[in-house]
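The structure is given below, and queries will be raised subsequently.
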Amino acid sequence: EEAIFLRKKITLLRAFSLLIGSMVGSGIFISPKGVLKNSGSVGFSLLVWFSCGLLSMFGALCYAELGTRITKSGGHYIYILETLGPLPSFLFLWAEFFAIRPANSAVISLAFGRYMLEPFFSPCAAPVPAVKLVSLLGYYMVLTLNSWSVTWSARLQTALSIVKLLALALIIVPGMMLLAQGHTENFQDAFDRQSLVLDKLPLAFYAGMFAYSGWFQTSFVREELVKPERNIPLAVIVSVITVIVGYMLTNISYYTVLGKEDVLASPAVAVSFVQRAFKSLISVVPVLVALSCFGTMNGGIFTFSRTLFVASREGQWPPLFSMIHIRRHTPLPAVMLMFPLVTAMVCIGDIYHLLNFFSFSRWLFIGLATLGLIVHRHRHPELHSPFKVPLFVPVSFTIICLFTVAMSFYSDPVNISIGCTIVLSGFPVYYLIIHRQMSDRCRNLFSSFLFFPTLSDYLTHKLQLLLEVVQQEIKTY
């Protein structure tokens with residue numbers, strides 16, 4: 001009896017929780033090994049962590065301005081569409097659906113499964129099939145919740161954000177206590193230049209930026225935010241500063257307790273930390289870490305479903321995915337679409353290969369989105385924005401993103417080439433289906449198969465059309 005649309009249910013507290021809950025997840029518990037391995041030393045790894053935090057702040061400020069200039073939801077997709085045009089936006093959507101989002105969700109799910117099972121198998125490693133099974137169960141639980149209720153998804157995100165900060169505090173406090181007592185031996189010769197390999201630095205940045213990724217999440221739900229012009233910049237600035245401080249202290253605690261060799265040898269850094277610092281909490285911290293990953297999965301599903309919803313509304317994705325459940329007010333088809341690909345990647349994937357695989361595409365399009373901010377400013381100088389950043393912020397962020405993407409071809413050519421191929425494979429799809437004016441017959445056939453996911457529905461639709469034609473002929477006769 002009332003209009004069906006996505007309601008404004010994201011308050012400032014929920015926006016802050018969404019950002020914290022998306023950033024503080026599996027990254028800080030699995031990325032330290034990747035950052036250290038590719039940066040070469042403790043000192044350089046800490047510099048990478050701080051640089052990634054600063055870079056994330058630059059990107060978050062750019063997205064805050066884009067969120068006040070462009071009033072639609074959809075995040076990277078809608079910003080690229082509105083500033084650079086339909087082709088790059090469709091390529092992002094193509095890469096996001098087939099590479100970025102399923103690989104990202106698979107990484108977080110695998111981290112969830114590994115940490116959830118760690119207390120039961122310690123000191124041995126958990127069996128890989130068991131890890132993947134628990135990973136999938138956790139992902140399906142989050143999928144069900146997001147299909148059921150927006151309100152309960154947001155409440156869960158708020159509660160798990162508190163759990164995440166508690167997990168970080170349990171790592172930071174003992175590390176700082178040991179450091180205050182003079183345990184600085186692991187920081188001797190912290191900047192060892194001989195172990196630094198410049199062509200591996202992009203992979204170190206990918207691992208670090210993965211841990212910070214999530215600062216853009218409010219842009220995906222812009223239409224559901226209460227007072228977005230005020231709440232987007234405020235939530236972004238406070239959350240990113242909080243995470244930068246938390247991550248730096250966490251990494252210092254890791255190195256204080258474990259040291260370089262132990263971090264590189266550990267399959268789960270947070271668990272190894274607790275085994276060394278707090279044996280009495282050996283079964284508590286892994287569960288807290290697993291819950292942190294659970295919250296990140298929830299935030300990822302919550303936001304990406306909005307991207308598919310908006311893309312469908314803009315005519316670049318099948319119309320089915322712009323539909324909303326009548327009673328639940330959730331974008332149910334968009335929420336459910338990802339689960340086959342995520343399931344496949346969890347079953348066949350490895351965390352660090354998946355990490356490099358999707359990072360190339362993600363940072364390429366984030367760089368294009370901030371480039372779009374520069375273009376939008378130039379094209380619309382008359383447009384008043386309630387929040388505006390200095391021009392050097394989007395310029396420097398864009399240059400760093402695109403430079404890192406280019407350098408990564410030397411660091412990991414196989415995975416990066418796969419990611420690049422997936423992006424380029426969107427070109428023929430765009431020109432054959434989206435851009436090219438197809439005949440009515442072909443277009444109707446394509447739309448029919450997209451609208452109706454099962455053969456029975458398709459045949460039923462065709463039968464109804466045939467009956468309508470017969471009835472019309474009878475009336476004419």
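From the backbone N, Cα and C atoms, a Cβ is placed for every residue, glycine too.
Taken from TrEMBL, the feature transmembrane segment covers 12-30, 42-64, 76-100, 120-142, 162-183, 203-221, 233-257, 277-297, 332-354, 360-377, 389-410, 416-434.
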At a threshold of under 8 Å on Cβ distances, which of 12-30, 42-64, 76-100, 120-142, 416-434 pairs most often with the transmembrane segment (360-377)?
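Against the transmembrane segment (360-377), the leading stretch is 76-100.
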Residues of the same chain, at least six outside the transmembrane segment (162-183), with any C-beta under 8 angstroms of its C-beta?
20-21, 24-25, 28, 246, 249-250, 252-254, 256-257, 270, 273-274, 277-278, 281, 284-285, 288-289, 291-292, 295
Hey, which bits of the same chain come close to the transmembrane segment (416-434), Cβ under 8 Å, at least six residues off its ends?
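Beyond its ends, the transmembrane segment (416-434) has Cβ neighbours at 86-87, 90-91, 93-95, 98-99, 315-316, 356-358, 360-361, 364, 408-409, 446.
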Could you tell me whether the transmembrane segment (42-64) and the transmembrane segment (389-410) have 3+ CB pairs under 8 A, leaving out pairs under 6 positions apart?
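Contact between the transmembrane segment (389-410) and the transmembrane segment (42-64): present.
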Look over the recorded stretches 12-30, 76-100, 203-221, 233-257 and say which has the most C-beta pairs under 8 A to the transmembrane segment (42-64).
233-257
